[in-house]
Amino acid sequence: MLTSKNCQGEKIEYLHQLILRLVGLIYAFAFSSWYYQIPALYSQNGLMPISKIEWYDLTKMPTLLQIGKNDSTLTLITIFGTLVGLLAFASSKFIKWYTFLILWVLYLSLYTVGQDFSQFQWDIMLLECGFICIIFSLTPVVGRELLRWLAFRLYFSSGLVKLLSQCETWWNLTALHHHFASQCIPHFLSWWAHQIPGELKKLMVAANFYVLIFGAIYFYFPTRFMRIFGFILQFIMQIGIILTGNYNFFNLLSIVLTLVVLDDHFIYKYFPSQIKEFINMPKTIEEFDLKKNNRIYKYSEIVICLYMTGVLIFNFFPYETIMQGKKLPFTVQDIGKYFLTEDNFTYFLLYVLTFFFFYITYFNLQKNSAKSTMAAILQTLIKIVVFIFMFSMSNMTFQQGIGIRQINSPIIPQQYLQQVQQYTYSFHLFNSYGLFRKMTGVNGRPELIFEGSEDGNKWLEYHFHYKPGKINEISPFVVPHQPRLDWQLWFASLQEHPSDLYLIHLVYKMLDGQNINAFVSNNPFQKKPPKFIRINKYLYYFTNVTEMIQTGNFWKRIWKSVYLPPISLQDSQLQSIKQQYGFESAVNKQKEQNTQLPLWTLIMSVIIYAFY
């Protein structure tokens, strides 16, 4: 029978354990990040109180908060989720299917009520990955292929949608001229990355397309070395993104997904000894030690991969495009012709299915006695049904995400898949991906600056904990934490006028003299609230090295527009919104106290328990 020790012709007993334990850690990162933000965002006095959500039945709002509709339940979910995730990471004895079922239910409960602060691709990616990990813990061959398919969809879509969007910055390879400054929360290394010469940044964009599109295709190459090469490409790119951006757990989860193309032999040969000890891998494995490595063959593979990389990059992104700014030698129509035609896409989908069918039938049926053959066949059929269903559903959302109107579904008819999609949508089991379709901040990074005044003449600025504000300060490196309010204010800055309820509520809190220390790093009206609040939109730009040396500033900025005109607490529209949505007033409120449990003590207790 097929076990985690013998999956797709490659032993993955320890890889299987490593992936599941790392997913548990990422769950813990995600839950603990939410934990510290619940009072400010979801308590009775938060920006979007849980108690005031419009509730629906469980099929439309699948969440444990249906039992207790308050922020205390939400806090308990994040604590329990953090503890279970850490247990899964700390000890292999907690790597069970029900562990990941618990984590998935808890995070789905959190995501469902998160409202504006949970609408991110990495949240739904964690849900989809987490659900597949339930399957992975039960049947490694099915789980591994579903994770491989998820990794392929993530990377391939992310590369393709950038070109299909026809955004000029992607097509002329200047996206990184803007990205480091315009991303949500740039930090110190983002500023340094921005100083890289323009030609090199263009080459980096070209390499990015190669890694995302062709590197993802390498995951399905029949040769093991090419699959590993695909992993190396993605790993290098993800590390680069982590070092130059603040994308919480997203890139860490992306790396974990990419691990599925490896095997125990690769871990044994190339991973640090600390990791091998962590997953209890023996120091010597005779089977791996006896494998002969033909150096000539190995080096020839490396040369072929490097040659292929150079040829593909400079064929699609030639020297003239990078150095002289000429147009790319292909068009959007060419992309559709080579990647999105019905025949080509169908052939690829059938190849993916064949990739799965070959291994599962071969390793499930080989060397079985007559007595166990029927049982093996039955188990194989069940696994095939599970894989085909999950593959077909995710294939439909994948094609929808990259803009294919006529869905290619080789096995299950599209109309049946759409019916299932309607029933499963709330559970986010099958999603489409594709970040940065169009580059923002091309003409400068839009930034909202909140200002308060006593008399309407002298204005003082509020500055937040993470997003840019003061031009002589840069945001901290906070991975894997995601400050969700600061992220949402970045999205709000892309609009011309305020339309989000949480933003209006924040303005109301400032005017009402409520405690806003959870949101801002400085409150110039700590003793007495301002009579007026306004929001100006500025365009921020990174300084260059010379400007930094002369002024000490990371940023320079110019005023762009009034985002929210001066508004007072007595404003009729603000009072109307307050009454409609039930904003809490400082007069009717008791002094706020932080009643959260010290999470770090709980974390230490779990780690001590798991190891000792």
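First residue shown is number 1, and so on along the chain.
Heads up, the Cβ atoms here are built off N, Cα and C, so glycines get one too.
In terms of DSSP helix, strand and coil, the domain 'Lipase maturation factor 1/2 N-terminal' (119-268) has 122 helix, 1 strand, 27 coil. Look at TrEMBL and you will find 119-268 tagged as domain 'Lipase maturation factor 1/2 N-terminal'.
Mean pLDDT, taken over the domain 'Lipase maturation factor 1/2 C-terminal' (429-565), works out to 94 on the 0 to 100 scale. For 429-565, the entry in TrEMBL reads domain 'Lipase maturation factor 1/2 C-terminal'.
The feature transmembrane segment is assigned by TrEMBL to 18-38 (among others).
Sequence annotations record features per position, and here TrEMBL assigns transmembrane segment to 72-90 (among others).
Residues or ranges marked as transmembrane segment by TrEMBL: 97-114 (among others).
Residues or ranges marked as transmembrane segment in TrEMBL: 120-139 (among others).
What TrEMBL lists as transmembrane segment is 203-221 (among others). A Cβ distance under 8 Å defines the sequence-distant neighbours of the transmembrane segment (203-221), meaning residues of its chain 6+ beyond its ends; these are 148, 151-152, 154-156, 158-160, 162-163, 170, 173-176, 196, 227, 229-231, 233-234, 236-237, 261, 309, 312-313, 316-317, 321-322, 351-352, 355.
The transmembrane segment annotation in TrEMBL covers 299-319 (among others).
Residues or ranges marked as transmembrane segment in TrEMBL: 345-365 (among others).
According to TrEMBL, the feature transmembrane segment maps to 377-398 (among others).
Broken down with DSSP, the domain 'Lipase maturation factor 1/2 C-terminal' (429-565) shows 28 helix, 40 strand, 69 coil.
With a cut-off of 8 Å between Cβ atoms, the residues of this chain six or more beyond the transmembrane segment (18-38) that come close are 46, 71, 74-75, 77-79, 81-82, 84-90, 92, 94-95, 99-100, 103, 106-107, 110, 117, 123, 126, 129-130, 133, 136-137, 147, 248-249, 252-253, 256, 259-260, 267, 275, 278-279, 480-485, 596, 599, 603. Ranking 72-90, 120-139, 377-398 by CB pairs under 8 A with the transmembrane segment (97-114) puts 120-139 at the top.
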